[in-house]
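**Q** Straight from Swiss-Prot, here's the annotation block:
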BINDING   53-60, 120-124, 174-177  GTP binding site
DOMAIN    44-321  domain 'tr-type G'
MOD_RES   Ser91  phosphoserine
MOD_RES   Lys175  N6-acetyllysine
TRANSIT   1-36  transit peptide
Amino acid sequence: MRLLGAAAVAALGRGRAPASLGWQRKQVNWKACRWSSSGVIPNEKIRNIGISAHIDSGKTTLTERVLYYTGRIAKMHEVKGKDGVGAVMDSMELERQRGITIQSAATYTMWKDVNINIIDTPGHVDFTIEVERALRVLDGAVLVLCAVGGVQCQTMTVNRQMKRYNVPFLTFINKLDRMGSNPARALQQMRSKLNHNAAFMQIPMGLEGNFKGIVDLIEERAIYFDGDFGQIVRYGEIPAELRAAATDHRQELIECVANSDEQLGEMFLEEKIPSISDLKLAIRRATLKRSFTPVFLGSALKNKGVQPLLDAVLEYLPNPSEVQNYAILNKEDDSKEKTKILMNSSRDNSHPFVGLAFKLEVGRFGQLTYVRSYQGELKKGDTIYNTRTRKKVRLQRLARMHADMMEDVEEVYAGDICALFGIDCASGDTFTDKANSGLSMESIHVPDPVISIAMKPSNKNDLEKFSKGIGRFTREDPTFKVYFDTENKETVISGMGELHLEIYAQRLEREYGCPCITGKPKVAFRETITAPVPFDFTHKKQSGGAGQYGKVIGVLEPLDPEDYTKLEFSDETFGSNIPKQFVPAVEKGFLDACEKGPLSGHKLSGLRFVLQDGAHHMVDSNEISFIRAGEGALKQALANATLCILEPIMAVEVVAPNEFQGQVIAGINRRHGVITGQDGVEDYFTLYADVPLNDMFGYSTELRSCTEGKGEYTMEYSRYQPCLPSTQEDVINKYLEATGQLPVKKGKAKN
């Protein structure tokens with residue numbers, strides 16, 4: 001794969017660091033290091049990594065340091081720096097203004113002749129789909145923890161996502177220069193809260209204001225970071241006062257790795273002293289198996305500990321050939337039988353191309369599609385096929401992205417991440433170079449939205465801009481849903497949280513010149529039944545000529561609490577009372593009828609429709625008959641069932657000074673929260689609670705006022721559970737008032 005010419009790279013200000021900084025490393029020659037003796041970079045020289053963490057742990061600052069030390073950018077800027085430039089990876093104007101990452105940004109760089117593709121992801125729970133997409137296509141990751149905050153609620157979400165996609169990772173405990181930093185506590189939380197077999201690879205030399213450098217436990221040496229920007233790495237003897245601690249921690253590291261690696265375990269039992277290379281190989285094997293997590297230390301803001309972390313990425317994280325990726329082969333005869341096929345990671349054209357579109361974006365270059373290549377070769381000018389739409393696409397342009405800038409390339413191979421232009425597709429689509437191959441990569445896990453608001457443009461003349469912007473956002477973000485409420489004649493948008501929807505409202509105004517009016521947030525309640533209920537329903541329609549006839553018998557069952565968001569259909573029929581070609585029609589009728597519940601108009605979920613028997617007519621039975629029979633059977637069962645309303649419960653984490661503990665606990669109790677745990681460090685306490693989302697609106701204002709602006713909180717979706725009787729009554733009454741079945745109470749405006 002070629003880059004732009006050397007002159008173009010120089011024009012972009014890449015590949016060179018100012019001589020005045022006393023840079024001690026060789027200048028990176030981008031053009032030269034794109035090639036090996038065979039003409040293509042081997043897999044061993046590639047790493048695809050993501051940087052993920054809780055909000056404000058320092059992910060973007062860390063990425064900025066990585067780009068600077070590898071010669072990718074000539075000057076560093078802070079996320080909320082005084083120069084107003086903002087970090088390179090925060091390319092959206094809104095990101096620079098707020099100092100948070102909203103979209104994943106992709107870039108690539110070089111470290112010690114290895115190509116590193118990096119995706120910097122958001123930490124805020126509302127943008128969790130960006131993290132989900134990044135981890136799906138990466139081979140390894142760096143989990144960033146704050147030395148003060150430790151393991152926080154979004155850290156646990158990222159940990160679950162890494163587990164889902166089996167991503168090996170390193171941990172970097174950042175912000176050792178901050179007051180109250182406690183890396184030992186963060187490590188303990190990794191072991192207790194995340195259940196990781198983790199150990200320090202380094203120990204700090206001083207903490208907070210006295211943080212001078214780190215001690216490398218593998219090589220048994222001290223590492224200092226000199227120069228104005230920490231760019232000169234200097235090695236020295238371990239200070240005398242830290243030698244005993246370094247010996248103890250090194251022994252603990254060997255024990256942890258020996259517990260998860262058989263070869264090192266045997267050496268440990270035989271009381272042999274492992275060499276440095278033995279230890280490194282054992283750590284690599286255990287990290288790739290996800291049975292051990294190496295923990296590194298530093299402070300990205302103070303430019304300490306970043307270069308050893310880069311060395312560790314090369315040393316311990318997998319290259320594309322060490323990760324097994326599977327595609328699903330769907331049979332063409334419409335059978336539900338699926339076969340898993342292992343992708344070949346060879347960097348040549350000996351196998352057909354397979355790639356996954358994991359992110360869509362409309363930038364200044366038009367529609368951008370980010371694709372991870374899993375197999376084969378893709379060249380500029382090639383024709384590829386979208387296996388979902390069965391459409392051919394010719395590639396006019398192929399590029400690699402650096403935040404919002406791009407560099408054209410001629411070809412990409414398995415293991416590369418690239419951007420395609422002007423391609424009509426959806427996030428999660430699979431591309432191949434053979435028509436009707438039936439291959440698809442496992443799709444990205446998309447969580448359901450939990451909050452909705454009504455939205456309309458302030459000016460009626462902006463309707464075209466509004467629909468254009470909303471259409472683009474729904475293509476880019478699968479967690480952002482839009483529908484038109486026919487009863488209230490309004491457009492309703494749904495997403496993962498208030499911030500998520502607020503950001504889209506602001507983007508409509510900034511990017512499309514369409515200011516919007518938003519209504520009050522609405523929670524995505526669900527309805528379900530509390531006990532099994534039988535049904536026996538016949539749909540009959542005779543109006544002269546061919547009629548409609550379908551009979552279904554069975555039982556409607558509630559699902560277990562962990563499956564409250566699901567709907568299941570089970571066919572337990574025998575014989576030919578209901579011909580098999582009509583069973584999918586019954587399922588469709590059931591699913592269609594679940595869109596609106598009888599109690600409050602919200603969706604039905606947590607149900608299993610068990611079809612046991614039925615009847616058909618030789619002439620009058622058809623697909624529509626059994627769709628209507630499925631709908632009628634559900635309505636009949638619900639009329640005889642006891643229903644309850646389910647509400648989303650959020651896992652809330654509040655951090656505030658100790659003197660406000662009483663007020664914070666009282667506030668959570670008032671909001672019907674259940675306190676699940678408590679932590680304390682220095683003068684601050686952390687409260688963990690499960691609180692209904694419906695009761696969390698306006699909490700940020702209350703928390704600020706009761707803690708004098710010193711408290712902060714984060715929350716993420718946890719589960720659905722039956723709501724309180726008072727909440728259920730309130731939700732039902734609001735629905736009856738809105739539909740005119742109940743008079744609106746005096747002094748209360750109709751919602």
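Any Cβ shown, glycine's included, is placed from N, Cα and C.
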**Q** Within 10 Å of the Cβ of Ala53 (GTP binding site), how many other Cβ atoms can be counted across all chains shown?
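**A** For Ala53 (GTP binding site), the count of other Cβ atoms within 10 Å is 27.
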**Q** I need the CA-to-CA distance for Ala53 (GTP binding site) versus the residue listed as 'N6-acetyllysine', whole Å please.
**A** 13
**Q** Within 10 Å of the Cβ of Leu176 (GTP binding site), how many other Cβ atoms can you find? Include all protein chains, please.
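**A** Other Cβ atoms within 10 Å of Leu176 (GTP binding site): 25.
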**Q** If you count Cβ atoms within 10 Å of the Cβ of the residue listed as 'N6-acetyllysine', leaving out that atom itself, what do you get?
**A** 26
**Q** Take the domain 'tr-type G' (44-321) and average the pLDDT across it for me.
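**A** A mean pLDDT of 79 is what the predicted model shows over the domain 'tr-type G' (44-321).
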**Q** Kindly assign Lys175 (N6-acetyllysine) to one of the three DSSP-derived states: helix, strand or coil.
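**A** The three-state answer is coil.
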